[in-house]
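Written below as structure tokens is the structure these notes are about.
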């Protein structure tokens, strides 16, 4: 077919002479392509063209962003509601203070501001929307439930929560449909292009890489946006890694189903990749190998076997995987944009961690040398590490602890049990706070801490390098009317700072909370020594009747003296050389800190010789000769002391109730089964006394009205109208466990059958009592929560309009509490006096 020519325009006719006539004519010639194309090639160019395959990566990005937006909306809703309730409560407190100062107490009822005949629960305000509360309760009724573990012989498979599994299932269904729903999956020949299913899955896998990295970082912007801590995002990090491996296999397998070395595909392959590695699919194999190792090694049972090896190799393998992706993708279809985002997220996360390091700030004394730490061996094989530091933290947060004097490479996370507040100052100075970590040693770093503390004695100090704090709760417990804190064993470490913070804010009138219930189950009575001082502060400082603690002793076999915290009797200590290396390293760092302090003696006085002399004397007082280890006491617990938390042992070896007579008894003594500490045996503490007039004024000798003595208004729905005050005083403080002097008649060390009989001999009380109690046996938490929610004469229990349940303990405890709280969500539907029952579980491993 002859080409057609058109006439030249005037501008083209007057074109410059340098442009040839042939170039002018070429643009005007239309040569139709009459060569017949193969139908398969036409399909490849029109149905799902390769050039437009970048949309699959964008599809995953939009899907992930939509999920993030949903979580952000829920968080913003809860944040707005909590702030509105706290603001309204603060206004009520201010009104009450104003009326008290104006001498108009008649306008204030004993349980809050307003008329005395309030309803059981006060009327909801505008921040509460019934349909939203019912919808959230429906979701919690479903997703708070747990999946039973699968056990076979010694193997046990533990599942993630339903909420996590639901998100993972939605993501998995999305990528599967996005890959396989659109047809065709293969072209007629490899000559027409790569299999479409391989391109789709490959783009999804590359687009998922930034999300895998952002959910693995300790400090990232995602935690700031949605309020989920890095320890919980790490669960999604593992699941996204598994999905990425699935997509990578889907990307790889089609190239072997329709190989490039058949049907003339090598001709096209060599044209596209003229500078290849010489190995077909070489770059793809190089990428899939580290990805398979990352996913397989992260399986729980393999990770537990060689955890230290996994930690050492995990980050280098991840870096290798991302680096090889640059080589494999070759910037096709905008793939490098996702990889650039991955590197940027990684760099931003590591730079964000620098301000969280206690040794990275030059203006602090801990710069490059860390803070000083002391290790204390406690009862029940517990260890307490006290670190006076200038770092600040919030209740429930955790830090990563590195102690070069014990182990240079280990960086272990621990929950902070102390409260960061000016009410709890440190002996190091007003700018310091005691960061207290309490844990029980098992294997790895915690066992090394125990061995080193035993070898070096109680007077040795260590250098501590902290990374944090991280985590914390998404909601503020002070915004709930009722808080129920449940702990099992060492799980009390996550609850203690929350409890202290609640008591402090209740005393200051900054917490809506009017009722706090603590349930702690532990094996032996000596475990109370871990937080003896903190429990005493809570009991004496909390508003009367606001805090109730119930302790359950679940162990029936007494521990023999000298059976714990003892070094190996025989055998060579394999850590002797390590101790020498760590001692030298710790001594080197401590020497730097000592020289820095000595240099400050000449700088701080600013020429004042008297001030320099005083500082030098103080510095010399700190340098004392420590006693030799042979002169120190053995690391064994002494016999239980006769104090407020001790018991008497009956003729058959079981604890009995003990009556303690005291001259000075606090006003809450008649409500508490555990008497307060006697002054002569009160443990030493550097914290301010709860009765100090600096923070709490308990009396006014002049008789005027003092704002510190005014209690915050108490909602009327928390007032128990079921029985008269006289009957309430006659009611026993505890209805669980054996009465005083009761004898089971068993031997001092009962059998398993006898132990079960003792635990079930006395039922859980169906009424809630306001005293502190120590009981024997396992608590039936499901029954207790049900009775606290629906018990009482009117079936309303003790729950306020909004209740928070915090649980940290063994898996069985978490599962039981979560299932009960899930069933209690049904009480919210159709009930205008209940708005929310929130559950928070400390469960990072699932």
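Heads up, the Cβ atoms here are built off N, Cα and C, so glycines get one too.
Pulled from TrEMBL, these are the features on record:
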type: TRANSMEM; residues: 60-80; note: transmembrane segment
type: TRANSMEM; residues: 162-183; note: transmembrane segment
type: TRANSMEM; residues: 203-227; note: transmembrane segment
type: TRANSMEM; residues: 239-258; note: transmembrane segment
type: TRANSMEM; residues: 278-302; note: transmembrane segment
type: TRANSMEM; residues: 309-327; note: transmembrane segment
type: TRANSMEM; residues: 333-351; note: transmembrane segment
type: DOMAIN; residues: 361-476; note: domain 'FAD-binding FR-type'
type: REGION; residues: 631-708; note: region 'Disordered'
type: COMPBIAS; residues: 683-694; note: compositional bias 'Polar residues'
type: COMPBIAS; residues: 695-708; note: compositional bias 'Basic and acidic residues'
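With DSSP classes pooled into helix, strand and coil, the tally for the domain 'FAD-binding FR-type' (361-476) is 12 helix, 51 strand, 53 coil. Cβ atoms under 8 Å from those of the transmembrane segment (162-183) belong to residues 48, 56, 59-60, 63, 67, 142-147, 196-197, 200-201, 204, 235-236, 239-240, 243, 246-247, 250, 846 of the same chain, restricted to positions at least 6 beyond its ends. At the 8 Å Cβ threshold, with sequence separation of at least 6, the transmembrane segment (333-351) comes into contact with the transmembrane segment (203-227) through 3 or more pairs. When Cβ-Cβ distances under 8 Å to the transmembrane segment (309-327) are tallied for each of 60-80, 203-227, 239-258, the top count falls to 203-227.
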